[in-house]
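A.B. asks: I have a structure here, written as structure tokens, and I will follow up with some questions on it.
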């Protein structure tokens, strides 16, 4: 099957740049639309969603479903991260996303398989808590 050829428009480049510049934080499509508008490039939200879907398919970004099923959030991962192989940590205070791509993940997955008969699917899996920066701020108050 032949894939449609694609071209990189100014809006697509600005979306990609925004996601890369905010690489440690998950952003919403509304955040992206607001950013585009602030730099004088009003783009139809449908265009933004379509491009985000494409970037998800290409595994350039990760899509997270926000707490309570509210809105989807997106984070730049580039081609180098294998996000289907590890969990993610999200700070409930600042929204920072941390990739838990530590060596223990293989051991944890093996433990779940051997002792619980459970095959862990990490893609899109998020654990919530406080990052070290927010914990320090909280303890300082």
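Glycine is no exception: its Cβ is also placed from the backbone N, Cα and C atoms.
Marked as Zn(2+) binding site by TrEMBL: 91, 94, 131, 134.
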A.B. asks: What count of other C-beta atoms do you get within 10 angstroms of the C-beta of residue 134 (Zn(2+) binding site), across all chains shown?
C.D. replies: 16
A.B. asks: Using a 10 angstroms cut-off on Cβ to Cβ distances, just flag whichever of 91, 94 is the loneliest among these binding-site residues.
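C.D. replies: The binding-site residues 91, 94 were compared, and 94 has the fewest Cβ atoms within 10 Å.
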A.B. asks: Other residues near the Zn(2+) site, CB within 8 A of the CB centroid of 91, 94, 131, 134?
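C.D. replies: My list of surrounding residues reads 92, 93, 95, 96, 130, 132, 133, 135.
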A.B. asks: Within 10 angstroms of the C-beta of residue 131 (Zn(2+) binding site), what count of other C-beta atoms is obtained when all protein chains are considered?
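C.D. replies: I count 19 other Cβ atoms within 10 Å of it.
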A.B. asks: Helix, strand or coil at residue 94 (Zn(2+) binding site), per DSSP?
C.D. replies: coil
